[in-house]
Amino acid sequence: MTEKTKILVEGALFAALATLLSVVIPNVEWGDLSLGLIPLVLYSVRRGVRMGLLAGLLWGLLIIVSGHAYILNIWQGLLEYPVANLLVGLAGLYTPAVQRAIQAGERKKERILLLAAVVTAVFLKYFVHFIAGIIFWGSYVQWGLGPILYSLVVNGGSFILNIVVTGGLLLAMTARDTKLLLPQNK
């Protein structure tokens, strides 16, 4: 198997794991805990933007084909699954800086950069959900709020929850061994 094939298989496995984790905890009406962010951010930081985007796209498509997507119409379905999850791959923007910090033994810098990658990925995903909430979910508004405020409350809460959970778990996973963040090409 070529090196590129191994990296693609690794991405497919991370996307499959993200899909499994995404369906373990079902969404509730008022928010979304997306455990699939954990392996996708990890893979993106480990392999970079291109591979992260590809794995994110695959994650979004797998959620649809697994039957766990809430789809009102094709545009909403495309926006909230393939597009939102594809953007998680932009955590890979931090790959070079994270890997330099690890190689230099700069633990504090590495952890700050990892958290920046988490915040970037989660922000982009939930910004897309926020926009979709305004455009597509406005007729489902509760609590007497307008579509913009309702989408902000629901997706803003999900944004904060996912930063805390994803950031906390990735920091805990890499606290003792940063090798998870480095590509293993053996």
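Including glycine, each Cβ sits where the backbone N, Cα and C put it.
For reference, TrEMBL has these:
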- 7-24: transmembrane segment (TRANSMEM)
- 52-71: transmembrane segment (TRANSMEM)
- 114-136: transmembrane segment (TRANSMEM)
- 148-172: transmembrane segment (TRANSMEM)
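Within the chain, the transmembrane segment (114-136) has long-range Cβ neighbours (under 8 A, six or more residues past its boundaries) at 32, 34, 37, 40-41, 44-45, 72-73, 75-76, 79-80, 83-85, 87-94, 98, 147-148, 150-152, 154-156, 158-159, 162-163, 166-167, 170-171, 174, 181. Beyond the ends of the transmembrane segment (52-71), by six or more residues, the same chain brings 8, 11-12, 14-16, 18-19, 22-23, 27, 36, 40, 43-45, 77, 80-92 to within a C-beta distance below 8 angstroms of the stretch.
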